[in-house]
Amino acid sequence: MDYSYDLEEVVEETIDYKDPCKAAAFWGDIALDEEDLANFKIDRIVDLTKHTIHTVSGAATNISRPEKGRRTRKERRRSREKRASTSRPERVWPDGVIPYVISGNFSGSQRAIFRQAMRHWEKHTCVTFLERTDEDSYIVFTYRPCGCCSYVGRRGGGPQAISIGKNCDKFGIVVHELGHVIGFWHEHTRPDRDDHVSIIRENIQPGQEYNFLKMEPEEVESLGETYDFDSIMHYARNTFSRGIFLDTILPKYDVNGVRPPIGQRTRLSSGDVAQARKLYKCPACGETLQDSQGNFSSPGFPNGYSAYMHCVWRLSVTPGEKIILNFTSLDLYRSRLCWYDYIEVRDGFWKKAPLRGRFCGDKIPESIISTESRLWIEFRSSSNWVGKGFQAVYEALCGGEVKKDSGHIQSPNYPDDYRPNKACVWKLSVSEGFHVGISFQSFEIERHDSCAYDYLEIRDGSSETSPLVGRFCGYDKPDDIKSSTNQLWIKFVSDGSINKAGFSLNYFKEVDECSRPNNGGCEQRCVNTLGSYKCACDPGYELGQDKKSCEAACGGFLTKLNGSINSPGWPKEYPPNKNCIWQLVAPTQYRISLKFDQFETEGNDVCKYDFVEVRSGLTSDSKLHGKFCGSELPAVITSQYNNMRIEFKSDNTVSKKGFQANFFSEKKNNIQKLQQLNEVNRGQQNQAPKRVRPRMRLRTVKKTRPP
């Protein structure tokens, strides 16, 4: 699988999130803002670290410690207030719903890991992760220079980042970081930790002592749970150690006859689950069901339920699937409007989703099919009437008609392996006048030369007879796809043998912005892309800072053996106030020659205004070969080494046609031989003897008259 990073921060260009890398300080992988620093007793941190609270730049920040006895009454009162995010309501996500966005700089495999980690939290708690639509507060999975870090709890007032740095894209580590997002500090910082673990300070790396601070009772709420060695939020025994075999934190006693292991990054512990359920006030009964089919029933079924019960079941299947829910048994107290005992079914992920039905009595409801991939089922009892309760079964249905302008479709059971013998057909329709655009996030389907076994088939239209766009399998993501109408037909098929991770794609309505009368606002060229567009420029020009206008381009770092360069806008007049630098680099033992074919700049005896400057080397103080201006063509220039620097400058007044030049590289020996041969030829011409023009002698012959 591809775990490489594309460091181009796609989401960051458009989202102004709360960046953990710009935090006031760090506490391990926890980002602290100014409010956190104001609320915590920083003097305790300084005692241990000797002025080493790590900032984002890696430098240390000095924080002076207040003298004992000098704290004000207000400060003493503030120290008694509860300060940890788990005890502060504003840091808890409302209704346990956490909207998220995954930045564009992650591969499909990494995105799958993030979703697996979120589903893990959902399965064991009542927390819900939801792809963000228009929510103000949400998290952004991104890759930041500070590595793996997050704020604790909801910060509010906009997006906040959770940074998943290199080597952090592992399931357990992402589950740990999401624990901070949900609202948990590290387990070993609990106030009662000294009763359970020993901190071996002499083994801690210098400057990292602050990571082993413990919080005071008024600063954290442990929610009545006992110390949890097995917590995924606990440090390992050698964390921040001077050596890999030196322990920094050790349990003080055995559990069931053995020293308990700490620092696991495999799954949530029972203690993690219990604390999260308490923090988010999860109902005492009910659960999150994520399998493709299953059943659930009221507590005690069929022997009756108790009064004053409250249970919630959250059914969640793969995006692109729907849920069919059938009640197989129903026996609740009957009342007008089902006022006392009832079951509510809502079409979505939470209690405010559209109501599909409220049921009581003994009449079994008709089948309910969800609009999307989630259902919310709530059961309440308030009477003393004893009935059997209810029982229900559900099943995930893949495919169907989808009439939305945007959304997600994934193979059944994604990001886990898809199931055998599946056949799913989706018919996508977006608004009239638009096209359907598809962009793949990940793709892994059993490989075959003709995609005969497992495959994804896409057709340009609304039926299986529409023109075929392609049949895809293997591990390479298909290119983006755009329909010719507002409809697209998608079919996924798996056989009974090999199963893979499947696919994940986004669909959306697509319009050609470049067809608008203003050319998309672009000065020269408009390039339509899937879901958007971009401006481009003609050869010799580059985009301006507004990403719409074009200006003459120039300069660059060139490693070709030969090529050409020219002034901006050539052969038109160059623009004013340009400063272009070309850096030419050839292989070692090569030399670069520059030959001007055309040359015309503003003329001046000392080349003060517009000029071309050529140097051997890459810096502005390298050996100067010449500074040229006017209309006289410079002679051929050969570099002293294997690199050359050419700089062109124009002022804000007169502009001329500029220049056009070719460069070529040859090995030093070849150039030396050529130079030597030229010198020999010149020498031979100088030393050759002068040719003597032969003299012509005239001899007079006396002619005799014939007889």
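Including glycine, each Cβ sits where the backbone N, Cα and C put it.
Feature annotation from Swiss-Prot assigns compositional bias 'Basic residues' to 68-81, 690-707. Residues or ranges marked as domain 'Peptidase M12A' in Swiss-Prot: 84-283. Sequence annotations record features per position, and here Swiss-Prot assigns disulfide bond to Cys126-Cys282, Cys146-Cys168, Cys148-Cys149, Cys285-Cys311, Cys338-Cys360, Cys398-Cys424, Cys451-Cys473, Cys514-Cys526, Cys522-Cys535, Cys537-Cys550, Cys554-Cys580, Cys607-Cys629. Taken from Swiss-Prot, the feature active site applies to Glu177. Under the heading domain 'CUB 2', Swiss-Prot lists 398-509, citing sequence analysis as support.
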For Cys360 (disulfide bond), the one of Cys148, Cys282, Cys285, Cys473, Cys629 that lies nearest, given that the disulfide-bonded residues are compared by Cα:
Cys285
In sequence order, which residues at least six apart in the same chain have a CB under 8 Å from the CB of Cys526 (disulfide bond)?
Glu513, Cys514, Asn519, Gly520, Tyr533, Lys534, Cys535, Ala536
When you put Cys146 (disulfide bond) at the centre and draw a 10 Å sphere around its Cα, which of the disulfide-bonded residues Cys285, Cys424, Cys580 have their Cα inside it?
none
Cβ neighbours of Cys554 (disulfide bond) where a neighbour is any other Cβ within 10 Å:
24
Given the disulfide-bonded residues Cys285, Cys424, Cys554, Cys580, Cys607, find the one whose Cα is closest in space to the Cα of Cys149 (disulfide bond).
Cys285
Please report the Cα separation of Cys522 (disulfide bond) and Cys282 (disulfide bond) in Å, rounded to an integer.
53
Spatially, and counting Cα to Cα, which of the disulfide-bonded residues is closest to Cys424 (disulfide bond)? Options: Cys148, Cys282, Cys285, Cys451.
Cys451
Of Cys126, Cys168, Cys554, i.e. the disulfide-bonded residues, those within 10 Å of Cys148 (disulfide bond) when Cα atoms are compared:
Cys168
When DSSP states are grouped into helix, strand and coil, how many residues of the domain 'CUB 2' (398-509) land in each?
0 helix, 56 strand, 56 coil
Can you tell me how far the Cα of Cys398 (disulfide bond) sits from the Cα of Cys629 (disulfide bond), in Å?
72
